[in-house]
Amino acid sequence: MGVEFVDLFNQWASSYDDTVSGNDPEYKEVFEGYEDMLELLAGLSISPVMEFGVGTANLTRKMIGQNKVVIGIEPSSEMRRIANLKCPEAAIYDGDFLNYPQLITPIQSIVSSFAFHHLTTSEKIEAIQKFDDKLESKGKVIFIDTLFKDEAHKQALIKNAEKSGHLNLAQDLQEEYYGYLDELKEMFSNQGFEVSFKQINNYAWLIQAKKGE
Ligand SMILES: C[S@@+](CC[C@H](N)C(=O)[O-])C[C@H]1O[C@@H](n2cnc3c(N)ncnc32)[C@H](O)[C@@H]1O
């Protein structure tokens, strides 16, 4: 459930860091400012942190560098292998947004970068309910992910990708489950979170959702 992209991530793992460094022209704009974004997200995280979709541990390493306790969850075995090599100090478990080991650590923040869009709408709603259960009172969900301001924004990004000959990106934008701003706002608000959004580049947004008492 929600992990249909795992084979793709196993294959992508060894060249993933190359892509996020801007060496893949097709995804350069998506990951524009990647290191700064992760730095921002790491700085906002509150320890103990639970991180979903760790990938190659680029965000994990920044949080560990800030002496935070990080529990990482990652469904791809290849991504986990690289993450463990790059960040042996972190505890990284097999799992996904909906199924993960139940640990007793009280969680103050839940973070994720470029992963929440792998869930369908109903899976996102289920995951947000679980975040609410998992977080301590006043805990925070802090994500960075591609999302669409509205339908016109989505169509403009697809058109732009096609015009640039970035056909894989154009296909991703149509087939993956990138959310719309209003839709995500409603999902978090319905679960009692106070949510805010900040655009970071043409694709990526910072999403902050604070749980009540
Ligand atoms: C684009 S990568 C992002 C990796 C890293 N967070 C970063 O910012 O570079 C997406 C990651 O999400 C993981 N993933 C895919 N489906 C997932 C799911 N349902 N739950 C949690 N993680 C998932 C993938 O295996 C992959 O490592």
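Here the Cβ of each residue, glycine as well, is placed from N, Cα and C on the backbone.
Just one of GLU26, GLU29, GLU32, GLU74 is listed by Swiss-Prot for the same S-adenosyl-L-methionine site as GLY53, ASP96, and that one is GLU74. Non-local neighbourhood of GLY53 (S-adenosyl-L-methionine binding site): ILE73, GLU74, PRO75, ASP96, PHE97, SER112, SER113, PHE114, ALA115, PHE116, HIS118, each in the same chain, at least six residues away, with C-beta under 8 Å from its C-beta. Whole-number maximum of the Cα to Cα distances across the S-adenosyl-L-methionine-binding residues GLY53, GLU74, ASP96: 7 angstrom. Of all the binding-site residues listed (GLU74, ASP96), ASP96 has the fewest other CB atoms within 10 A of its CB.
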